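Per Swiss-Prot, the features are:
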BINDING   G42, G43, N51, N111, S180, R190, W266  substrate binding site
SITE      S112  site 'Transition state stabilizer'
ACT_SITE  H265  active site, proton acceptor
Amino acid sequence: MSELNESSTSKFVTINEKGLSNFRIHLNDAGQGERVIMLHGGGPGAGGWSNYYRNIGPFVEAGYRVLLPDAPGFNKSDTVVMDEQRGLVNARSVKGMMDVLGIEKAHLVGNSMGGAGALNFALEYPERTGKLILMGPGGLGNSLFTAMPMEGIKLLFKLYAEPSLETLKQMLNVFLFDQSVITDELLQGRWANIQRNPEHLKNFILSAQKVPLSAWDVSARLGEIKAKTLVTWGRDDRFVPLDHGLKLIANMQDAHVHVFPRCAHWAQWEHADAFNRLTLDFLANG
């Protein structure tokens, strides 16, 4: 297998979808086999490769083609102000990318905002949806037990509005259960991504002012989703409440949940080995 790194797997596609006309999407494309599309979260500086770099190798070695798009308005993809809820627009961007690449059907892995995109994709394009793997997905409305928005979401919006290294540290301290793993390399890498395109930050805020988070809620339609689904959650998630996982398995047609202890909002990173074993087994046998 050729060397697996960000630069060697990097490419761009141009899509034409509603709200995304002549729009460039950056992605990383690695491996061969059944397609798995990994959708990243919505924090400032997020991107496909950085969100999943602890998972790409094991998936490729297991015989999957892994595609990691940067969502519209993130990392190397074009910037955008959205007039519709972000999960739906992101789902359209995935469909557009698949069209350009000639991919008819794919499994979807989605973390946080990426989970919201995966849910919307399954609702809009069920015939093109394989299995779903969701980690603390957004887009599920209020919580029965937790005041919303949660602490992490408040810090996320603070970082978008007033980007600083100190606010980034505060957000990462909430983002991860074990704060000792927040290395200077992780911090500086994320900070560099944030600074690379200030328009992304400004346009995220403008989009949120036009379409609030409450508009993302697809709870009423969960029963329509037929795709086999693995839901994972960090017991200590301070961005999206744990009871949303119960909402998913109570309403979706074929879903089960796995909760990681000593884990916050980034299960695929904090518990990478266990996550990789669990999800690869689900794709092969679930």
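Keep in mind that glycine also has a Cβ here, set from the backbone N, Cα and C atoms.
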Could you state the whole-number distance in Å separating the C-alpha atoms of the residue listed as 'active site, proton acceptor' and G43 (substrate binding site)?
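The residue listed as 'active site, proton acceptor' to G43 (substrate binding site), Cα-Cα distance: 11 Å.
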Using other CB atoms within 10 angstroms as the count, which residue among the binding-site residues N111, S180 scores least?
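If we count Cβ atoms within 10 Å for the binding-site residues N111, S180, the smallest count is at S180.
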In Å, rounded, how far does the Cα of S180 (substrate binding site) sit from the Cα of S112 (site 'Transition state stabilizer')?
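Here the two Cα atoms lie 22 Å apart.
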Among the binding-site residues listed here, G42, G43, whose Cβ has the fewest other Cβ atoms inside 10 Å?
G42
So which one is it: of the recorded positions N51, S112, which has the fewest other Cβ atoms within 10 Å?
N51
Between G43 (substrate binding site) and S112 (site 'Transition state stabilizer'), find the distance joining the two CA atoms and give it rounded to the nearest Å.
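Pair distance, Cα basis, whole Å: 9 Å.
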Compute the C-alpha separation of W266 (substrate binding site) from S112 (site 'Transition state stabilizer'), stating it in Å without decimals.
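Pair distance, Cα basis, whole Å: 9 Å.
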